[in-house]
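Each remark here refers to the structure printed beneath this line.
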Amino acid sequence: MMLSKKNSETLENFSEKLEVEGRSLWQDARRRFMHNRAAVASLIVLVLIALFVILAPMLSQFAYDDTDWAMMSSAPDMESGHYFGTDSSGRDLLVRVAIGGRISLMVGVAAALVAVVVGTLYGSLSGYLGGKVDSVMMRLLEILNSFPFMFFVILLVTFFGQNILLIFVAIGMVSWLDMARIVRGQTLSLKRKEFIEAAQVGGVSTSGIVIRHIVPNVLGVVVVYASLLVPSMILFESFLSFLGLGTQEPLSSWGALLSDGANSMEVSPWLLLFPAGFLVVTLFCFNFIGDGLRDALDPKDR
């Protein structure tokens, strides 16, 4: 009986090992991510927030720039249809929070996409080529990283005025710098692997090695960093808008709404609470998802 129990345990462990070995990296990562309750709950909440910012302006009877002269600085009210209340100009806060969420999320996701594309290609090329080329590319990266970014944004706003496109350009210019440095470090360790040497011996071009062999092997790190980059970029855009360097009226972002709400929080606290609540919850969701992806893709846990 004891022997049978040991045999069954051995067979069970062996089958579990075969099951793990039979799964790919991404299948195993997905399984472990789905077991992370905080990450899954955050993903669900984030999807609900995304649906809200997309659908709320379409379903609402008010536009983001409509003025209700009879309901200026009105508290949240179910009967009037202003569920989040109105601002000092009589504009519906629910719609403005949704429109602001669209812009804030677009800025965060766009910055992450720029970081993924530009940073991954730049870092992998720099690390793979090495030598003087790597030194020159890294010095250029350090120069860009040391540039006073706030001064650059103020300069853009002074010459071209407040424009959401300028925010995309300004944030996109700095979002990829850290990504490139991280990918370069990963590439330096990958370029000594046997499969890279085999590709070199087989006559595969530099671009082919980078795109087909190096980039797929750094995607785990890239995905994790990109998921953690989105909330930092949203927060940075909110900071710019809070200072008055972001979106221009009548458009808004969560940062601009926070700035407006902070000026009247004593008499109209809902103007601060609703955009602040959405911003905080979104940032927490992205950070929990990033932590979940990091744990799921960590090779030490495989």
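Each Cβ is built from the backbone N, Cα and C atoms, and glycine gets one as well.
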Membrane_side_equal(ARG30, GLU249) from Swiss-Prot: no
Remote residues contacting the topological domain 'Cytoplasmic' (124-137) - C-beta distance under 8 A, at least 6 residues beyond either end: 180, 183-188, 190-191, 206, 209-210, 214-215, 218
Cβ pairs under 8 Å between the transmembrane segment (39-59) and the transmembrane segment (270-290), at least three: yes
Residues from the same chain, set at least six apart from the ends of the transmembrane segment (138-160), whose C-beta lies under 8 A from its own: 122, 126, 166, 169-170, 173-174, 177, 180-181, 184, 240, 245
Most Cβ pairs under 8 Å with the transmembrane segment (214-234), selected from 103-123, 164-183, 270-290: 103-123
Same-chain residues near the transmembrane segment (164-183), Cβ under 8 Å, at least 6 residues beyond its ends: 103, 107, 110-112, 114-120, 122-124, 126-127, 138, 141, 144-145, 149, 152-153, 156-157, 218, 221-222, 225-226, 229, 233, 236-237, 240, 246-248, 251
